[in-house]
Amino acid sequence: MKLTCVMIVAVLFLTAWTFVTADDSKNGLENHFWKARDEMKNREASKLDKKEACYAPGTFCGIKPGLCCSEFCLPGVCFGG
């Protein structure tokens, strides 16, 4: 009997916790779907599509050598064209 009561209280607590910590219903999955669909139609609206501009040859490329337009960075400077 005690175990049954403990289980019922635990289930009720976990159910209440789920509802309390859940996202607002205004931002439910259906809204995420429509937002993603709109971003697919309008590529400029997509945050994933935005890339940083590449660095011109002779520019300091620092610790991110992948940002050189030529993809070739030696001793911190972009080379090539």
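Here the Cβ of each residue, glycine as well, is placed from N, Cα and C on the backbone.
The Cβ neighbour count for CYS54 (disulfide bond), using a 10 Å radius over every protein chain in view, is 14. Marked as disulfide bond by Swiss-Prot on the basis of similarity to another entry: CYS54-CYS69 (among others).
Within 10 Å of the Cβ of CYS73 (disulfide bond) there are 21 other Cβ atoms, across all protein chains. Feature annotation from Swiss-Prot assigns disulfide bond to CYS61-CYS73 (among others); the stated evidence is similarity to another entry.
For CYS68-CYS78 (among others), the entry in Swiss-Prot reads disulfide bond, with the evidence type similarity to another entry. There are 20 other Cβ atoms within 10 Å of the Cβ belonging to CYS68 (disulfide bond).
Under DSSP, PRO57 (4-hydroxyproline) is assigned to coil, being neither helix nor strand in the three-state scheme. What Swiss-Prot records for PRO57 (among others) is 4-hydroxyproline, and it gives experimental evidence as the kind of evidence.
According to Swiss-Prot, the 4-hydroxyproline annotation covers PRO65 (among others), on the basis of experimental evidence.
Sequence-distant contacts of GLY80 (glycine amide), defined as residues of its own chain at least six apart whose C-beta falls under 8 angstroms from its C-beta, comprise PRO57, CYS68, SER70, PHE72. The feature glycine amide is assigned by Swiss-Prot to GLY80, with experimental evidence given as support.
If you look up Swiss-Prot, you'll see 1-22 marked as signal peptide, on the strength of sequence analysis.
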Next item on the list: Run through the Cβ atoms and count how many others sit within 10 Å of the one on PRO57 (4-hydroxyproline).
Entry: 13
Note to self: Give me the long-range Cβ neighbours of CYS61 (disulfide bond): same chain, 6+ apart, Cβ under 8 Å, in sequence order.
What the structure shows: TYR55, LEU67, CYS68, CYS73, GLY76, VAL77, CYS78
Next item on the list: Fewest other Cβ atoms within 10 Å: which of the disulfide-bonded residues CYS69, CYS78 wins that one? Let me know.
Entry: CYS69
